[in-house]
């Protein structure tokens, strides 16, 4: 079989690039490992950092008819200026339509002739031309009621048209108010106050490599039944040679144990344990520098005020995942309450003792974990640096700082670990 016959007409890459994918995407577990390291291909983000999906629809059959068939959803989804323009045109069209009808009735009844030549009661009083008929239409639909123009019993058709215009006006008003209230009450804007960390990190947690990212709520109102989920999106070539440009793979964030449901009062670090079932099981730090994938993270819940479901989204490319880093603490106990410092929300500090190999190599005992004392030492340094900042602030207020017995005890217990004291941001 020739190369031309193997070419996929639906593939977005050339046949040479297909061959490259076959080499770099194969692995023992289907997700990586055993790769030939090449330079990273520049890929487009599928989900932007602000949650918008980077897609564009094209060649849709009967798009206008389908959108008009669901007019209410169309009005809710479009921008405010377009929605207000549509309703303004709807009002003008209805006023103009019934104005023309009343003018035609007046012409047919002879109401536009001079008063001395008529000799009978007009259908609509004080309507002597099209402009007067148009004003009468506006007064009828908006119930202004100036009192100069009114319909008489002379023409039943005119009475029927007044009733019809009143019904049409109520329908337009109801539709407009409903669409505006639905648009204003949408929980979409609630996602603007739900925050994701700029980067995700990979570090050890309880002796296992874990992928972590941080979420936060900028409002005091809660997100009811908040839960998170994540998906890994990457191109893949099947065993039959089919190229899938955006293959979606679920990432477990503790669904079976209920860990995906969170109480989002303070910022929380979401954790994905990189185990045998993880798509990141065979990826090491070196693989992370050359791999081509995107992790989409989703936070869902109900808005406390309206009980409507909202969804916040973000994503992390491979170069936005920091290997061997941890997030700086943002929650501190202060007097009789807890203080959340969002200036540290996106900040991380490096943990040099994090293994550079993949989780698969760790399971196969190809990497010797450092002693637990080293991790404890780094964690205590991080918190002691925070205590030092509190003591400096206390000294500025004129109160004597507390003695630094904790740090002396740490230096005495560290033994062979002769490291100089550094601030948290330098770890």
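Placed from the backbone N, Cα and C atoms, the Cβ positions cover glycine too.
Note that this is a predicted model, so its numbers are computed, not measured.
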Swiss-Prot tags one of 130-146, 198-214, 215-231, 232-248 as intramembrane segment - which one?
130-146
Among 156-183, 268-295, 296-323, where does Swiss-Prot put the label transmembrane segment?
156-183
Out of 51-77, 78-104, 348-374, let me know the one Swiss-Prot marks transmembrane segment.
78-104
Go through 123, 155, the listed disulfide-bonded residues, and name the one with the sparsest Cβ surroundings, counting other Cβ atoms within 10 Å.
155
Helix, strand and coil residues within the topological domain 'Extracellular' (147-155) as assigned by DSSP:
0 helix, 1 strand, 8 coil
Considering every residue in the topological domain 'Cytoplasmic' (184-427), what is the mean pLDDT value?
79
